[in-house]
Every structure is written in structure tokens, then in C-alpha cells.
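Notes for the one structure printed next.
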Amino acid sequence: MAGPGRGCGPSATLCVAMTALSAALLAPGLTQPHDLSRRRPSGLKIDQALLLVHNELIHENLTVSWLSDYCYQCLYQDLVSIPMSNTAGKASIVAVAVDSQHPVTLHLNGTGAGREFPRIHYHFGEFGNYSLVVKSFDSSTKMISCDIIINESPVNSHLPILYAFLIYMGVLSILTVGHVFVIIDPIRNWFYKKLHPGDTDRLINSELGSPTRTDSTSSNVPATTWTVSQQRLRSLDTFRGLSLIIMVFVNYGGGKYWFFKHQSWNGKTHFTAACFSRFVFIMGTSISLSLNSMLRRGCSKWKVLGKALWRSFLLFLIGIVIVNPNYCLGPLSWDNLRIPGVLQRLGFTYLVVAILELLFAKAVAENDTLLETPYFALRDILLYWPQWVFILTLEATWLGLTFLLTVPGCPKGYLGPGGIGDFGKYPNCTGGAAGYIDHLLLGEKHIYQHPSSNVLYQTTVAYDPEGILGTINSICMAFFGLQNLCNTTIRFSPQRETWRSIAKRKSSFTPLVIPRVTV
């Protein structure tokens, strides 16, 4: 794909021709609309389909609006306008690209009085070619007929996932079978002899003697001092590695599949919302293991605190560089420097939880009396009650600010995306109290300018999903990992409002403490 300032080279004429052809295919007022219904559209983007709207209504213009099922309580948005048909039996046709990620509802409106247009709920397939035929039953009735016809079947974009899954399963099966064969003694010995023939010769010579060799063991060979390397906790490294793989995969596009992307606002997807919270949780467990290991080796708490400060500073600094990609074009400018970010949140969370552990951690004797009492189940809380008081105070602060803080022009406790969400009542209230605090403390230019809610909810207000208020919940998640608690989540339908749907882009409190249910 040609980047900025990069031409098409020798194929410049071909590029211009293809661009003109794509524009002609999707432009309103097609000169040869019937040709489009016989070919697969070439000017569509990923997760789009081609819809040909046939207006057979006499002397009546037609407007088509659309609404995605994943846009919670949103307003209908204009899709296309179709001029009237001046000749009976001849339709006025306009082509338009429609979203194929999620099911959509099409709402038709005409200029005629008293017409009853139905609403059409349909899930278009990727790169499919469809026709929407709008006509009246007869001249004496006001009822409208709307039919969707499949001109060209969509492609199955999930096949690459299936192929990749089968390949990985095949590789895993081969490795598993190979491991089973290797643990069998005859096969293992045979492989060892083939791979290490020199070791076999040395073994024979040591047993029978070799006329051409001297016994190397008889010479004075200095003793080698073996240093035992520190063992790693493989389960912990594996969990963190898998979380990082998912995070990197998602950040680099996720194969352009919508379910590998971040949610626009409400709801959660398994590959995106889960990986960050699990990584923060296991980071808390790592803090517990690393700090206890350093303290057992005799390191002072001040030295451990210095290491925690240095690591947090590095994470914050690297995060600043990563989330501000324009540094390649020149020096970083403070005027539009984004401050929050994923690594920044991880660094600050690590620092707070590490300080909390260093301040209140205490050695537990082997003959702990709580082991023989009925209060053993509350041992982690009773021994570390100051930490729990601090965490509960933090979470109470989050709840108070989120639901009680007065935000200008917004209702108290607002958790919505703004824009066209909530039927367009609060277009500038993106994020509620969380967004307001970021704007107040950091400034509009120092937070994320293009959140994922811009596309679906058409928001115009800057909002940072890694803002200040959400960091409180990250600290709580890491603390739960420090205490080896289970991180339970609640899963709501993104289109149903029960108590509070999960505001994934806000790092809400509900995924932390409420058991998993399905509504």
C-alpha cells in the first residue's frame, strides 16, 4: 500500500483507472445499474457490502437511514437519498456501501403523505451485493413493499481463522506425539545415539579402554563451579506471555476482524477487554513474588522501593514515546502531548501496589495461630487489613466521583459515550465524570483525540480510555492479584440495560467485584 508522498510508479495510469472505476461503482446516479448486480464490487472496504436501492415509487423521493445493533440507544443516521422514478416500471437506482460487521436496521422515509414504510432488520455479508427494491402494492393503497435480493453472495471471511486454527492444532498434535515417543526409553536412546555419536564412543572407550587415547579423567582438571540459575515460575510467565501476545495482536490490527478490536463503548469482547485486566491481575501476583524474593535475599525496603520507582519511571517514559507517534516528525511538543496510556497506567499501578505492599507487608511465622482457628478463611484480610482499608477507600472514591460529581451539561452518574448515543441527549458528555476529570486536570490536548467511540457513536469530544479515574480500578485489579483473589467479571448484553452495562472504555468497577452472570 502506497504511503504518503509515495507514487504508484510505472502503474500510475492503472492506479488512476482503478480509482475512477471504484468511484463510479459507488457513486449515486449509476448510468448502468444492472451491471452492478452481476459483478462482485471492487471498491468496497473490509466489513462492507454493496446495496443497490431501487426506488419504484412514482413521483416520490426516498431517504434511507440506518442504525447498527451495536449502537446502544442511538439515533438513526442518513444513509442515502434516492430520487423519484418518473416512469412507471422503471426504477431509480442508487448504490451505497453498508456496514457488514453487525446487523443493521434500515428505516425508509418518503416525501409522500400518509405512506407507511416498514423497518428492515438485516445482516449484510462482507463484500456481498444486495438489492433493496421499494415499491407500492398498487396505486390505491399506501402500503409499501420492501424486499432485499442477494445479487452476489458474500465471502466467508472467517475461513482464514479456521485455516490458522487447523494449522496450529496440527503443529500441536505433532509436538504432542513426538513428546510421547521421546519419553519411551528405546526410542529416546536410539535418537540420542543418532544425534550424539561422539558421546557413545567416549562411553565405549571409558568402559573398554582406548589404545590411542589417554584417560582424560586422570589429568588434573580444575573443578568447575556451577551457578544455579534462579528458577522462573513457568505458569506465571506463560500467563503473562499469552496476555502480551493477545495485546500485541490486537494493537496491530487483529487481522481486521471486528471481534479482535476494542469495543466502541458498552459491552466487552474476550480478546480485548479480558487481556488487559488479566495482565494487570497477574502483575499484582508478580509484585508479591518479586518483592518477597528480594526481601528474603536481604535487600532493604528502601532499595526495593528505589527499584520500583525506577521501573515505574521507565514504563511511564516508554509509554509517553509510544503513544505519541509524531516524534518521528520532530521533537515532542508539549502542546499536544498525550499523557495517559497503557504503559503509563501499568507503571503507576505497579508503583502504588508495590508501595502498599512494602508499607504493610509483614512476615508470617510458620506456627501462625490463625492456621488453627475458624478465621483461617479471613487470614489474608486480617493480616493485611490496612491494605484493604486503603483499597476500599480508593474504590469508594471512584464510586463517589463517578456517580455524584456534578459535570456541566450532563446528568449525575452518566456513563454513556455521548454523541448520538442516548438518543443524542448528551452529545458532549463522553465518559461522564471520567472524561470531565481528564479535561480538567490534563487538558483537552493532552488526552486521546480519536477514541473508538468516534466511529459508531460519532462523538466529537476527546476522551482517553486510560484516563485518571480508571487507574483506580487498575490498582484494585493489581491488588486482587497481589492477594491471589479470583478476578470475576460480569457480562452484559451491550444492547440491554439491566443495572449498568459494562462501560469497557471506562475500566468500570463492575468487572471487578460482581460474579459472572449472563443477562
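The count begins at 1 with the first shown residue.
Placed from the backbone N, Cα and C atoms, the Cβ positions cover glycine too.
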*Could you tell me which of the ranges 50-70, 239-259 is annotated in TrEMBL as transmembrane segment?*
239-259
*Could you break down the residues of the domain 'Heparan-alpha-glucosaminide N-acetyltransferase catalytic' (232-363) into DSSP helix, strand and coil, giving a count for each?*
97 helix, 1 strand, 34 coil
*Looking at 161-184, 239-259, 271-292, 342-361, which one has the highest count of Cβ pairs under 8 angstroms to the transmembrane segment (382-405)?*
342-361
*Residue list, the transmembrane segment (161-184) vs rest of chain: Cβ under 8 Å, 6 or more residues beyond ends.*
191, 255, 257
